[in-house]
Amino acid sequence: MSVKLRASSPPRWPRLLLLSLLLLGAAPGPRRSSAFYLPGLAPVNFCDEEKQSDECKAEIELFVNRLDSVESVLPYEYTAFDFCQASEGKRPSENLGQVLFGERIEPSPYKEDKNIRWASRWDYILESMPHTHIQWFSIMNSLVIVLFLSGMVAMIMLRTLHKDIARYNQMDSTEDAQEEFGWKLVHGDIFRPPRKGMLLSVFLGSGTQILIMTFVTLFFACLGFLSPANRGALMTCAVVLWVLLGTPAGYVAARFYKSFGGEKWKTNVLLTSFLCPGIVFADFFIMNLILWGEGSSAAIPFGTLVAILALWFCISVPLTFIGAYFGFKKNAIEHPVRTNQIPRQIPEQSFYTKPLPGIIMGGILPFGCIFIQLFFILNSIWSHQMYYMFGFLFLVFIILVITCSEATILLCYFHLCAEDYHWQWRSFLTSGFTAVYFLIYAIHYFFSKLQITGTASTILYFGYTMIMVLIFFLFTGTIGFFACFWFVTKIYSVVKVD
């Protein structure tokens, strides 16, 4: 077992940002200068007991957190074991993120080394963690490879498409028009509504919600507003953003469902509000029952569950309905070409242009740009290590978006050249298949890196992993669909169609 003491400040890299801002704010001006602290980064002053005041404390309060083990994912409260306990002291209240992560902070009888400098206050934590010395060369090497491949894909697509569009626009005679070939042949079917359009639109709405939530959360974390010192702030921010982003989810789902020719708007908005969130909550609730049965501190109290349901039903669902109202109220999305009444027959496809091989190949490149970072994220979750590289994570997030988009567009172009116009679901699944590689890696991580034993811990690991896989599937799938939607709209709007 290991006892975690509550830290009160972030690691060193956000201080570089803070120092830069302070230098900029304190630069000499005509009359006056000013500076500011980012939230969560302001230092606390300590001094000798005889000099203490409201601005200078004499005693550093130390708190104890939950107890974890490398052989179990079941944390327990510090007071559950026969350790020294504080005779008195006020227990700090946990925020939503801390409660969801199973943190239970208690006052401790331990007293703190005022001889520790402010700049070195996290050194004992960082130095005690394995795998802290990151192989920066290998990480940067992976990023360079991904950027190089992305540039090659973009260059090939631009050169090939430029030649295709120039050739198609030169076909003016009837005889030339009859000899059309390639992706222009399917212009009358490219925007034909897909099968299961209701489900696809619901996935797109939920994926949009997750995409915006992830971007905003990582952006604030990158700036230092969600520092590791403010424990639980990252999860709290993510949950609050998800609740408040019900409006774009409902709007996107309604807009695309209407463009697919759907008319059951009530079913659409209900599924957008409850399908994906309901699956996540059901999985989460089952995992929580196991934690309750095991007496773990990670079990969410009943009151917190009621609060989460209240946020969902009283805020997120109404916002989703509002977004759907405006989405259905607007006119359907106008496509650059008309859709024929009779569907065109799709010719026999080669092995590489069939749906399944393309979907499987499409997720390889996006996964290649995240698997190193994924290792450290899984370490922070399951090996109880501190994660603080949000700047690098934000960079990987941007590269992931670019890679998903380009890989999906490339495969979409090949399928259109093979006269297969069923691109909607394929684009979503091609990029979303990255989540399957995520799942495979999580299984490998469980058996090769962890020492977890026990049925309950195993069920909890894979139960929470399935939640992450579903969220990642919706996230990456939505990126792929939007990229292909922009691509097909762009190429069919610049060619002459009789």
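Glycine too: its Cβ is placed from the backbone N, Cα and C atoms.
Nobody curates TrEMBL annotations by hand; they come from automatic prediction.
In TrEMBL this protein carries:
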- 1-28: signal peptide (SIGNAL)
- 136-158: transmembrane segment (TRANSMEM)
- 199-226: transmembrane segment (TRANSMEM)
- 232-257: transmembrane segment (TRANSMEM)
- 269-292: transmembrane segment (TRANSMEM)
- 298-328: transmembrane segment (TRANSMEM)
- 359-382: transmembrane segment (TRANSMEM)
- 388-416: transmembrane segment (TRANSMEM)
- 428-447: transmembrane segment (TRANSMEM)
- 459-488: transmembrane segment (TRANSMEM)
Inset, instruction - Could you tell me what the rest of the chain brings near the transmembrane segment (232-257), counting residues at least six beyond its ends with Cβ under 8 Å? - result: 40, 94-101, 103, 197-198, 200-202, 204-206, 208-210, 212-214, 216-217, 220-221, 225-226, 265, 268-269, 272-273, 308, 311-312, 315-328, 330, 333
Legend entry - Feature contact check the transmembrane segment (269-292) with the transmembrane segment (459-488), CB under 8 Å, 3 or more pairs: yes
Legend entry - Close approaches to the transmembrane segment (269-292) from elsewhere in its chain (Cβ under 8 angstroms; 6 or more beyond its ends): 74, 102, 198-199, 201-203, 205-206, 246, 249-250, 253-254, 298-300, 305, 308, 312, 316-317, 320-321, 324, 456, 459-460, 463-464, 466-467, 470-471, 474
Legend entry - Spatial neighbours of the transmembrane segment (298-328) far in sequence, C-beta under 8 Å, 6+ residues away: 66, 74-75, 96, 99-102, 205, 239, 242-255, 258, 265, 268-269, 272-274, 277, 281, 285, 288, 291-292
